[in-house]
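Quick look at what TrEMBL lists:
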type     : residues             : note
ACT_SITE : Asp10                : active site, nucleophile
BINDING  : Asp10, Asp12, Asp169 : Mg(2+) binding site
Amino acid sequence: MARPVALIFDLDGTLVDSAPDIHATSNLALAAIGLPELPFETVRGFIGGGVPHLIGALLSAVGEDPDGPKRRPMSRAFNDAYAHAVDLTVLFPHVAEVLAALHAQGHPMAICTNKPVEPARAVLDHFGLDAMFPVVVGGDSLPVRKPDPAPLVHALDALGGGPVLYVGDSETDAATARAARLPFALFTEGYRKTPVADLSPEVAFSDYRELAGLVSALTPGGA
Ligand SMILES: O=C(O)COP(=O)(O)O
Ligand SMILES: [Mg+2]
């Protein structure tokens, strides 16, 4: 029987709609250091590049130097709250049942996210998904983050290599897959700002119930 395709998932905007928690955490941190809050849409547009990118974008958006003296206290306030930011986060529709089915079919599964490992694990625990993901590579796991290919390659190596599909929602994920020369499935309902065609994914889907069919089409000889 053909070896089941390994599946590596991005987290924010891919498995979970976490923008409300990232928005709330951002405003908490801005307020903690006496800076004005920002609207939801603005903060959502900053998601995907990891916390260092987000902190810089938040500071710039309120007129502060992204590398100035506010950066350190802002990062500290943000990270303290972010470690447990799960209450406003929800799974995208059908994620739980489809992941459970793919896991039961024997697909090795990993997370490759720019979210730091601590909040990433908090989210997985919160939704009871942790047991399905023996490998979690976060934005602070390696010296480099996505779109550098290293975190994705590291996740695949940790799963034992072999055929793989990387599933993500953003420009960062598309660039990471391209740099790693691995096939990319774009979930279209996340935080992407670029038209689907411009990201040239191998496949794109808007409903998790489509994913099982896409995966078995990639398995030599069927799933
Ligand atoms: O932390 C971020 O900016 C986004 O995280 P993601 O890589 O799971 O989309
Ligand atoms: Mg994402």
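Residue numbers in this text run from 1 along the chain shown.
Glycine is treated like the rest: Cβ placed from N, Cα and C.
Each of the recorded positions Asp10, Asp169 was scored by how many other Cβ atoms lie within 10 Å of its Cβ, and the smallest score goes to Asp169. For the Mg(2+) site, the Cβ centre of Asp10, Asp12, Asp169 serves as reference, and the other residues of the chain with Cβ at most 8 Å from it are Leu11, Gly13, Thr14, Leu15, Ile47, Gly48, Thr113, Gly168, Ser170, Asp173, Phe187, Gly190, Tyr191. Annotation for Asp12 (Mg(2+) binding site): spatial neighbours Ser18, Ala19, Ile22, Ile47, Gly48, Thr113, Asn114, Lys115, Asp169, Gly190, Tyr191, criterion Cβ-Cβ under 8 Å with sequence separation of six or more.
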